[in-house]
Amino acid sequence: ISVCDLPADRGQCTAYIPQWFFNKTTEDCEKFVYGGCQGNANRFETKDDCIANCGCNLPSKVGPCRVSARMWFHNPETEKCEVFIYGGCHGNANRFATETECQEVCDRYQKPGFCYQPSETGPCKGSFPRYYYDYEDGECKEFIYGGCEGNANNFETKESCENAC
């Protein structure tokens, strides 16, 4: 049984600790009060942690309403954040207002943040072959680095790029 299938469990103690759990019925992350001991693993400190663990692999869900809002969801098949049209009600936890928000939540356990930066030559005039991770294509590609500044998406070998991203 998956952590995400477990019910909210306050535990036996009487502390008042606001936490989040994934509600299998609503397919969303909801607040509950944890007592401080026992309970189960369907308990997260933040809503984003809950979504990252339980929501990002859900299919997009339009819902029955007809607002037609442009939203983003994490597509578990392509492992990318993609646009979908949300009806405005009864969706699920895999729904984000922006692509950046989707990436920050759903990719947090997959790739470091610098893997989403573009290649950056920098202001210097050198000509050093380097590799960067191209998030759109999901692969490491060669680019020319000028020798200074730039960003962290910059690797001397394709292998080191692939290991990092």
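Every residue gets a Cβ built from N, Cα and C, even glycine.
Swiss-Prot annotations:
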BINDING   ILE1, SER2, TYR109, GLN110, LYS111, GLY113  protein binding site
DISULFID  CYS4-CYS54  disulfide bond
DISULFID  CYS13-CYS37  disulfide bond
DISULFID  CYS29-CYS50  disulfide bond
DISULFID  CYS56-CYS106  disulfide bond
DISULFID  CYS65-CYS89  disulfide bond
DISULFID  CYS81-CYS102  disulfide bond
DISULFID  CYS115-CYS165  disulfide bond
DISULFID  CYS124-CYS148  disulfide bond
DISULFID  CYS140-CYS161  disulfide bond
DOMAIN    4-54  domain 'BPTI/Kunitz inhibitor 1'
DOMAIN    56-106  domain 'BPTI/Kunitz inhibitor 2'
DOMAIN    115-165  domain 'BPTI/Kunitz inhibitor 3'
CARBOHYD  ASN23  N-linked glycosylation site
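What Swiss-Prot annotates, mapped onto the structure for a quick look.
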residue : record         : DSSP class
CYS4    : disulfide bond : helix
CYS37   : disulfide bond : coil
CYS54   : disulfide bond : helix
CYS65   : disulfide bond : coil
CYS81   : disulfide bond : strand
CYS106  : disulfide bond : helix
CYS115  : disulfide bond : helix
CYS124  : disulfide bond : coil
CYS148  : disulfide bond : coil
CYS161  : disulfide bond : helix
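Among the recorded positions SER2, CYS4, CYS13, CYS115, not one has a Cα within 10 Å of the Cα of CYS65 (disulfide bond). Cα separation, CYS148 (disulfide bond) to SER2 (protein binding site), rounded: 47 Å. Checking Cα-Cα distances from CYS106 (disulfide bond) against the recorded positions (SER2, CYS37, CYS81, CYS140) with a 10 Å cut-off leaves CYS81, in sequence order. Put plainly, the disulfide-bonded residues CYS148, CYS161 were compared by Cβ crowding within 10 Å, and the winner is CYS161. Closest to CYS81 (disulfide bond) in space, going by CA atoms and restricting to the recorded positions CYS4, ASN23, CYS29, CYS161, is CYS29. Inclusion criterion for the recorded positions SER2, CYS4, CYS124, CYS161: a C-alpha placed within 10 angstroms of the C-alpha of CYS115 (disulfide bond); this criterion is met by CYS161. When the C-alpha distances from CYS102 (disulfide bond) to the recorded positions SER2, ASN23, CYS56, CYS140, CYS165 are tabulated, the minimum falls on CYS56.
Taking CA atoms as the reference points, CYS89 (disulfide bond) and CYS29 (disulfide bond) are 15 Å apart. Look at CYS89 (disulfide bond): DSSP puts it in coil. The local packing around CYS56 (disulfide bond), expressed as other Cβ atoms within 10 Å of its Cβ over all shown chains, amounts to 23. Distance from the CA of CYS50 (disulfide bond) to the CA of CYS37 (disulfide bond) is 19 Å.
Taking the Cβ of CYS37 (disulfide bond) as centre and 10 Å as the limit, one finds 11 other Cβ atoms among all the protein chains shown.
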